[in-house]
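Contents: one structure, followed by commentary.
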C-alpha cells in the first residue's frame, strides 16, 4: 500500500456531517435494548442487544489481530464469516477471555438464547464481551437477561445499548450520518481511549439501512477501520476482545455509490475513534500527529506511529514540553525515506525545527489546551497520514497499576 | 539467527566473577581522568578522558542505530572505523545533538585538543557527549578542560572518569573482571536506566590489556552488546548519542582464547547493563523477563521484548499486580511459534497460567521486592532469552514530563 483512495482522504472525511445524537437505531430496520441484568456487581447496565429486522441481513466484521483472542471473538468470527448476521448481543462486566473451552461454550449458549428469543439461526448471532480477563461469566444472570433484552427491543433502543456496554467509559459513545438521499449509518462504541484500555477492549456496532452489496460492505468496513480505529494509536497493545461489527438492513431501499457509502462509514468510525480518545481517563492531552511529505502512505504511518508510541514524547506532552528532540529521535528509528537535513517539526503550528536545524523559539508553543497538533514534514514525497494518541500521565499509570485483570 | 554460541549462554556469563570496584584503569596500560571544567552549571564533574598507552591500540565500537545521531557519534564512528584508538574524551552537560555542521566542528575541535595534548593523531581520538539535545557546547571551557584532563591522567583515574560522565545517574557505574591468567577487562558506564533516559544517552567505555586480534575484538564487542545492553529493553527508544567503545592495550602480554575473552567481556557488559537498570530513577521494580521453550532465539527475544515494551504490563508490575492477562496479550501480538493451549506463565516462580488455563492462585505471588522474575514457557522448542526492563511509575512520568530537552 503506497496511497489512499481519494474518497478516504482527510478532506473527504471531514466534509461528512457526523452527529453524536444518533446511534445504531437511527437507520431503519433496527431495534436495540440495553439494561442491567446482574453481570456487574455495581448494578449498572451490562447487557445490550442490537437486532436487524431486514429486509437484508448482510454483515461484515473485523476483530483483534491478537493471537490470544477471547471466546466471543472466536464465536463471532465464525458467525459473521458468511456475511449474514441477524443480531449482536454484547455484555460488559466480563471479557470471557482466557477461559478455555468452557468460555467458548458460554458464548455459544448466549447465542442460542438470543436465537431462541428471536426465532433465528444461532449462526446468525454475534457475541461480544468486555470486562475482566480470566473470569467466567455469570451465565444464569446473562441468559435470563437475554430474554429480558428481547422483550425490551425498541427502534429507539440505541442509546440504552450504548450505555450498557460501558466499562471504565465516563460517557457513552454514539455517532450517525444521514444522507440527503434517505439512507443512514449509525454506531455505538465502547472503550476508554485506546491509550488506557483498562478493561482492554474496544467494541463497536455499526448499522445501516443502505442497500449495499455484501462485498462492498466488507470492503467499506476494512477501509473505514484502516483510517479510523487503526489510527487511534497508543502503545500498540491490542486487546483480546476488540470487535467491530457492521450490519445492513437495506430498509431505506436506496443503494448509494459504494465509494460514497465507504466515505460516510469511515467518517462515522473516525468520529467514534476520536470519542474513545477523548474519554481516555488518564489522559490530559489528545494528540494528532500528522506526517506529511512522505514517499508513501506506509512511510507516513510508520513515522507517525513511531512518534505516537514513544513514551518519552508522551511524557513530554503531559509536561507541556514541545520536545522536538524526542520527535526526531522517534522518527530516526524508522526506515522511512527522508534526509535528516530536510526535516521540519511543528508543535501547534510553531516550526520549532526547520530544515534540519533549530527553528522558532520553543517558548512560542502553548501546549496548555487538551488538543495538541504535531506535524512532521519529511519533504520526500506527496503522501500524508494522521495518527491520534494521548499523553502519558500519572493517572494513566495509576489507573493501570491499580486495575487487576 | 536462531541460536546463541554456548560461550554466551546465561550459564557461561553468570560463572564469570565481575567486580564493581574496578574500572577502565584496572587493565594495565590505561590512564584516565575525570574533573569539573565548567560545562555543567552545577559545577559537578563533567569531563572524562581515557587514554590507551599501549603497546597495542586496537579498538572496536558500536553506536546508536538511530538515524538521527549526534555529532560526536558521527565523529567517533569515523575515528574508530580503522580499529585504532588512542583515547576517548567524554563530556556530560551537553549532548551536541541536532546541532548541525557547527556541532560536528565542535567534536572535531575537541579531538584536535586531545590529540595535541597527547601528541597522537586526531583520527585516533573518539568523542562522546551526553546531556541536552539541541544546544551547543561551551567550547572554551571544554577545550581548556581537555588540557587540564591531560595533566591529571592517572593509572588510578578510572573512578573519577566514571563520576564525570554522570547526568541523572545517582551512582557511578564501574565493573571489571580479572582473569587468573593475568589479563583483565574494565568498564565505566553512564545512564539512569534505559527506561528513563531523561538525558537520552547510554555511554560505555571498556578497556582490556588482553592481547586480542582486532577482528576478535570487534566480534567480541558485538556479541557482548547483543546479550547485555541490547537486552536491557525499555520503550525501544534509542537515543541520539548511545556509544560503546572498547580499547585494547595488550599490556598483559597474554592472548586469551577468543571465546574466553568474549564471555568475560559479555559478563562485564551485562553487569554494567544491570547497573543502568537498577539506577532507573523513576522505577520501583527491576523486571527480568525470560522466554523459554522457544523454537528459535529470535522467537524468544521477540516475545520477551513485546512483554517488556507493554505499558499495561509495566503499570501492573508497579501496582504489584501479577497480571498474566497482559503478558498473554503481549505475546499474542508476536509472530513467534507457539500454541495458545500450551503456554505457561510464572511470576516469581508461581505458575499463574498453566497449559493455557488459569493456574495457581495469583494471591500467592509477592511482588513487593524490587526484583521481579517473569517466565513464559512457549513449549515449542529449546531456545530461551532474558530481557530486562523496569516498571512504569509515577516517577517515570514525572521525570520525563518535567525534563526539557
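Cβ atoms are placed via backbone N, Cα and C, with glycine included.
Taken from TrEMBL, the feature substrate binding site applies to B:167, B:190, B:201, B:281, B:400, B:405. Annotated active site, nucleophile per TrEMBL: B:201, in sequence order.
Listed binding-site residues: B:167, B:190, B:201, B:400. Those with a CB under 8 Å from a CB in chain A, in sequence order: B:400. Residue B:190 (substrate binding site) is surrounded by 29 other CB atoms, counting those within 10 A of its CB over all protein chains shown. Taking the binding-site residues B:167, B:400 in turn, the residue surrounded by the fewest other Cβ atoms inside 10 Å of its Cβ turns out to be B:167. Around residue B:201 (substrate binding site), the same-chain residues at least 6 positions away in sequence with a Cβ under 8 Å from its Cβ are B:95, B:130, B:131, B:167, B:190, B:191, B:239, B:240, B:241, B:242.
Under the DSSP three-state reduction, residue B:190 (substrate binding site) is assigned to strand.
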